[in-house]
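Now, the feature entries from TrEMBL:
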type: DOMAIN; residues: A:26-282; note: domain 'CoA carboxyltransferase N-terminal'
type: BINDING; residues: A:CYS30, A:CYS33, A:CYS49, A:CYS52; note: Zn(2+) binding site
type: ZN_FING; residues: A:30-52; note: zinc finger
Amino acid sequence: MSSWFKRIKQGIQTSTSEKKEAPDGLWHKCPNCKKTSTVRDLKEHYYVCDKCNYHNRINSAEYFEILFDNNEFEELFSNIYPKDFLGFKDLKPYGARLIDAQKKSGLKDAMRVGAGKVEGNDLVVACMDFAFIGGSMGSVVGEKIARSIDHCIAHKMPLMIISKSGGARMMESAFSLMQMAKTSAKLTQLADAKLPYISLMTDPTTGGVTASFAMLGDLNIAEPKALIGFAGPRVIKETIKKDLPEGFQSAEFLLEHGFLDLIIDRKEMKTRLATLLELFKK
Amino acid sequence: MQFLDFEKPIADLYDQLEKLKENGAKSGVDVTATVKEYEQKISTTRQELYDHLTSYQKVLLSRHPDRPYTLAYIEKMCTNFVELHGDRNVKDDKAMVGGFAELDGETVMFIGQQKGINTKMRQIRNFGMANPEGYRKALRLMKLAEKFNKPIVTLIDTPGAYPGLEAEERGQGEAIARNIFEMVKLRVPVICVIIGEGASGGALGIGIGDRILMLENSWYTVISPENCSTILWRSWNFKEKAAEELKLTSDHMSRFGLVDGVIKEPLGGAHVNPDEMAVILKQKIKETLAELKKIDADTRIEQRIDKFSNMGFFEER
Ligand SMILES: [Zn+2]
C-alpha cells in the first residue's frame, strides 16, 4: 500500500477532527474493486464505493454525521472512561493498550452515544467504534448502553444501536462477558416501556455482541455484505475442517435464514430510518 | 481412579499403598497401622496440593474425566426425573438436557449442558457444546416451568456454544441472546450453578438467574484459557498464564461479585466423592430456593436486572 493510500485509510478510521483538517484531493482505493476516488467524493457517497457498493468501515463520528439532521446531536455519557480493574497483562498491559488505543483513535472507548433528530424524529444512537480495540465490548460499552436505555425511557425516545465489533473484550475477562447479560437485561426495561429498539449490524458484528443486544432489536437491520455471526469464520473453518460457502455469515445470508428484517444501503439509511420511526409513531 | 498430571504425588502414594496391601496379604504380616499412616499421608498431601492449586490446575479439574455431569447430579439429588426432549422446531440437542424432577417433594425444572461419559457418548453429546436448538429447548422448558410456577435450576458445564456451520445458519447468536433476554423476565425463581466449565456465551445462554453459584473447582469467564492464549499471546503455550490473567476461578468470581456464592467441593474435587458433592449441592439449592420464594416475582425480577446492571468497571471523569 503506498503511503498516501495508507494515510487516507487511517483518515477514515481516525477521528473526525483529524479528517476535517485533511486537504481535499487525497485518494482512496476501494478494497473490493480497487477503484480510486477522492476522499471528498467518498465522503459524499457515505463512504460507499460508487462503483461496487462496497461499504467502507466508518466510526461513530461518520454515522452521527450521516444520520443526525445537520450533524446536530448531544453526545451523552462522554465522561465514562475504561479502567484496567483486573491488571490484565498479555503481551502488553491492558492499561497501556487503552492509552495507546485512545491516542491512536482519539476515542475514549469503543462506543459513543448521541441524541438528536433524524428527519425531525427523536433518536438516541449508541454507535460502536471499531477503531478502538476492534470495537470490543467491555464495561464502558455495557454501561453506555445501559445509560442510553435509561435516557430513552426517561425521555420516551427510541433507541438505535449500531454494532461493529469483534465481540467481547478479553482483557476485561468475565466482566466483559457479563456486559451481554447487563445490556440484555436493560433491554427488557426498554421493551416494557414500549419504546422501539432498532439494531443496526455493520461489518463486522460477531461474538458476544451478536449473542446479546445486536440480535435483540425490534427491528434487526444490517448494511449490505456485513459479516454477522456468533463464531468467527476462522474458528468455524477449523472446527468443521471444510471451506465455508460463498457469502456465509453475510448480511444477505442472515436475511435469507430469517435473522434480519431488512438490509439497508448506507446512502438510504437516514430516509428509511426516518420512515420506520414515523411508522412506529403513527 | 484417574489422576491429572499435577496429582502425581497422590497417584504415587496410592500406588505405594496398593503395593503395601498386596505385600501384607502375601506375607500375612499385619500392615493395618502402615495402611492407616499412608491414608493419612494421602489426605494431608491432597490437602496441601489442593490448598495451592493454580488457576489452570482448577481448569483441568473442572474437566476431569471422572467429574460428575448434569444428569449425574439430577439423578443423585432427585427422584422421578423425567427428561423432556426437543425444541419443537429443529431437533433434540443431546448437548443440552432438561426435565422435571422432584427435589424432596418439590417439582423443579432442571436444565443443563451434558457431556458424554465415554468416547461414544462424548460424540453424541457434542462435548457439551450446544447448538441453537439446545438453547431453544432450554428456553422452551423454562417457559414450561414458568407456566406451571415451578422453580428452575440450571447446571452449567460447557466449553462453549458449538461453532459450527449449521449453528450459524440456525442463529447461534440469536438463540443465546434470546435466552438471556427471556431469562431476565422469568417469573419463577431461577438458580444457576456452574458445575464444571463456564465458557463464555455458551454458558451465559442458560446463566441468567436470581442466584449464580459456582462449584469450588469450576471456572467461568469470557473465553477458555487456551483460546485466550492463542489469540492474545498468539500461541497455545501461554494457557497457564492466560488462566491466571483471566481470574476465572470461583474464588475470583465471588470476590468480584459476579457470582453470588461458591459451593465447597469434597477434598480432591467433586469426582473424588460425587455422592457427597450431590448432597452438598442439593442442600445449597434447597436453601437458596427457600430464600428466593420469600421474595415476590416482581421484586425478584427487579433485583435480577439490578444485579447484572451493576456489573462492570469504569471511571467517570
Ligand atoms: Zn468498489
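Just so it is clear, glycine is given a Cβ too, placed from its N, Cα and C backbone atoms.
Same-chain residues that are not part of A:CYS30, A:CYS33, A:CYS49, A:CYS52 yet have a Cβ within 8 Å of the Cβ center of the Zn(2+) site turn out to be A:PRO31, A:ASN32, A:LYS34, A:LYS35, A:ASP50, A:LYS51, A:ASN53, A:TYR54.
In sequence order, A:CYS49, A:LYS51, A:CYS52, A:TYR54 are the residues near A:CYS33 (Zn(2+) binding site), counting only same-chain partners six or more apart with C-beta under 8 A. Within 10 Å of the C-beta of A:CYS30 (Zn(2+) binding site) there are 18 other C-beta atoms, taking all protein chains into account. There are 20 other CB atoms within 10 A of the CB of A:CYS49 (Zn(2+) binding site), with all protein chains counted. Under DSSP, the residues of the zinc finger (A:30-52) split into helix, strand and coil as follows: 6 helix, 4 strand, 13 coil. Computed over the zinc finger (A:30-52), the whole-number mean pLDDT of the model equals 94. Other Cβ atoms within 10 Å of the Cβ of A:CYS52 (Zn(2+) binding site), summed over all protein chains shown, number 13.
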